[in-house]
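Database features (TrEMBL):
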type    : residues            : note
BINDING : Val62, Phe63, Arg64 : FAD binding site
BINDING : Cys240              : [2Fe-2S] cluster binding site
Amino acid sequence: MYKVYKNVEMTKEGYLFGIENKEASEKCAPGQYFELKLSGDDHRVPTILTDILSERGIIKVVFRPINDTTRAMARFHDGDYVEEVYGPYGKKCPFLEKDMEGKKVLVVAEDLAGAQAYMLIHDIKKKGAVVDAVAGGRTKGCLYLSEFTGELCRTYLNYSEDGTQGEEGTICDKIEEILSRDKYDMCVVLGMIDTMEYTVKKAMEKNIETWVSLDPTITAVNDYFYLQHVVINGETIEICKEGTLFRAENINFDELRNQLQR
């Protein structure tokens, strides 16, 4: 049994809580994820890893309340317990193994993906890169990029479709303008499939090394079906083995859509 720490409703569509699990906190990293199981429930649900407090033995995860298990998790209080924590699954973020000193990196996060973006931005900046961040969502309460993220970034932009949070607009509306403001060495995109595909297309037109995170999509399906693989260059790659961060070239976005529509 693992104790829950500070369950927070982050957006209208997502919750975050910490889990006391020292072993997990010492061996996980961006690009990996965990599955949780509740007492008396046979289901295992994937959650997005958003922060690691290894000195306190805590991992922080985000989930969407889309089925009975995750709706029960949304009602947890401090001191409640999850029965099992499985993982971490997948490999650690590949590009964080690179020399990033002086590189310019754009991180684009849609809706709940902003929670995961904080950990990536923190680690990218720690590697010596300059980071700009963009968050987008439908309306106030549907996008999240921590106020702490802004302290790590050179530029920090918020967009909502109706203008109720940040500037009015969408990531797809604004991405060409944003990409034209500087010569970026890398772009990391976190969000739903349509936004990822469009942003990837625009970044790669400028010959920017582009990565996508599939974390938001592994929690986005109704009931108990979750994204399990990605097809790149015709090869099926299991997310539980390879992780959630991939080079964007030759990803089959249509196949990802088909998985989510089953």
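Placed from the backbone N, Cα and C atoms, the Cβ positions cover glycine too.
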Expressed to the nearest Å, what is the distance separating Arg64 (FAD binding site) and Cys240 ([2Fe-2S] cluster binding site) at their Cα atoms? 19
Other residues, Cβ within 8 Å of Val62, Phe63, Arg64 Cβ centroid (FAD site): Gly14, Tyr15, Leu16, Thr47, Ile48, Val61, Pro65, Thr70, Leu112, Thr219
According to DSSP, collapsed to three classes, what secondary structure does Cys240 ([2Fe-2S] cluster binding site) have? helix
Taking the Cβ of each of the binding-site residues and counting other Cβ atoms inside 10 Å, which one has the highest number: Val62, Cys240? Val62
C-alpha spacing of Val62 (FAD binding site) relative to Cys240 ([2Fe-2S] cluster binding site), in angstrom: 17
As a test of the contact definition, list every same-chain residue at least 6 positions from Phe63 (FAD binding site) whose Cβ is closer than 8 Å to its Cβ. Gly14, Tyr15, Leu36, Val45, Pro46, Thr47, Ile48, Thr70, Met73, Thr219
According to DSSP, collapsed to three classes, what secondary structure does Arg64 (FAD binding site) have? coil
Determine the Cβ neighbour count for Arg64 (FAD binding site): the number of other Cβ atoms within 10 Å of its Cβ. 23
